[in-house]
Amino acid sequence: MSTIRSIHAREILDSRGNPTLEAEVTLEDGSFGRAAVPSGASTGTKEAVELRDGDKTRYLGKGVRKAVDNVNTTIANALKGVEASDQEGLDRRLIDLDGTENKGRLGANALLGVSMAAAHAAAASSKQALWQYLAAKTGVTPSLPVPMMNIINGGAHADNNVDFQEFMVLPVGFTSFSEALRAGTEIFHSLKSVLKGHGLSTAVGDEGGFAPDFRSNVEALDTILEAIGKAGYTAGEDVLLGLDVASSEFFENGKYNLVGENKRLTSEQFVDFLADWAAQYPIITIEDGLAENDWAGWKLLTDRIGKKVQLVGDDLFVTNPKIFQEGIDSGTANAILIKVNQIGTLSETLEAIAMADRAGYAAVVSHRSGETEDTTIADISVATTATQIKTGSLCRSDRVAKYNQLLRIEEALGAGARYAGRDAFVSLKR
């Protein structure tokens, strides 16, 4: 039987050395599932609540003992005997048990850990890999996503003078995920060499990308183009560029305060700034180009470049179906970033991806800056209509773990493996 026998949670460490929650679910047939919950640095104000202890004498207040205790008592007691394979029913019980709009009573970290661990256990009970199990539920033919590789870190992810949070390469001109991964890796190592040649730091940020000081934000783009060429690839053909502007982080008093550029721009001026970059560089995707509450600015940007550039809402939508529907109805952005801990259960995550597909929006499955060795998001990216995955750079085991899982999945799919490549940008009318 795939009913739940027991649930257990513990406090572990994430990639930033902060506590996070790990949950384990054991079924009556002996099947077992484990999942660890990620944590973000730049967070949307409307995200589901990550429950922290607030005890400054322990882990600087970032402990998660309260969330762990909620799993080991309230949640474990309520879900004992529940069918693990009924993911929607299980998640509905979790949501009702919490009873708040933002999952703040028990903690989204408590709910998500159990939700994902239950899926792992149910997959094990059905003798399937998680991606196979989820694909059977979604009815989607598995495919390998395009990786959005964050090779230069700035903003909240690094201690440097770069305003924008992520500068990414997307290896689209390849026929397999493994070849795309190889290209990205070679560009990463080429970039290290280029940075050294310019006398710049090769220390890495939270997500494994390099975090040097540049004279301007655009210098980061120019340096990446140099690295792509040095690695033997062609920007605009083999490899496209992406940005996570994370503009909510520097939106102050109605202006975009670019310290690295010594500029304070209105929404209209910042849209011009981004549109100019998109015209000058092979940029295919821009995430959080405008601040999360600047819906008028977002609409301006969408109308300006939304037919040529994928515009991804992260802080804007926070993987929340209700907020996402507002974006769909108003024609704001054309893609959504999917972060499991922004919404707090697996079912709601899958529904957000399905919503995107129905609306003609692209879906990008994403890690958080505080990660673990958990690879659940890799399986989700394969088993749904999401066409891209964002899981950091080509170093740090917490990032590489997801890439390695995708390599295993591609191998398991064999001749049936399909890599999204240039078809990944489903929302663009080219």
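Cβ atoms here come from the backbone N, Cα and C positions, even for glycine.
Binding of Mg(2+) is annotated in Swiss-Prot for ASP244, ASP314; the matching candidate from GLU219, GLU268, GLU287 at the same site is GLU287.
When the candidates LYS192, LYS390 are compared with the (2R)-2-phosphoglycerate site entry in Swiss-Prot, which names GLN165, LYS339, ARG368, SER369, the shared residue is LYS390. In this structure, the C-alpha atom of ASP244 (Mg(2+) binding site) lies 14 angstrom from that of LYS339 (active site, proton acceptor). Within 10 Å of the C-beta of LYS390 ((2R)-2-phosphoglycerate binding site) we count 30 further C-beta atoms, all protein chains included. Comparing the Cα of SER369 ((2R)-2-phosphoglycerate binding site) with the Cα of every entry in GLU207, GLU287, ASP314, these being the recorded positions, the smallest distance points to GLU207.
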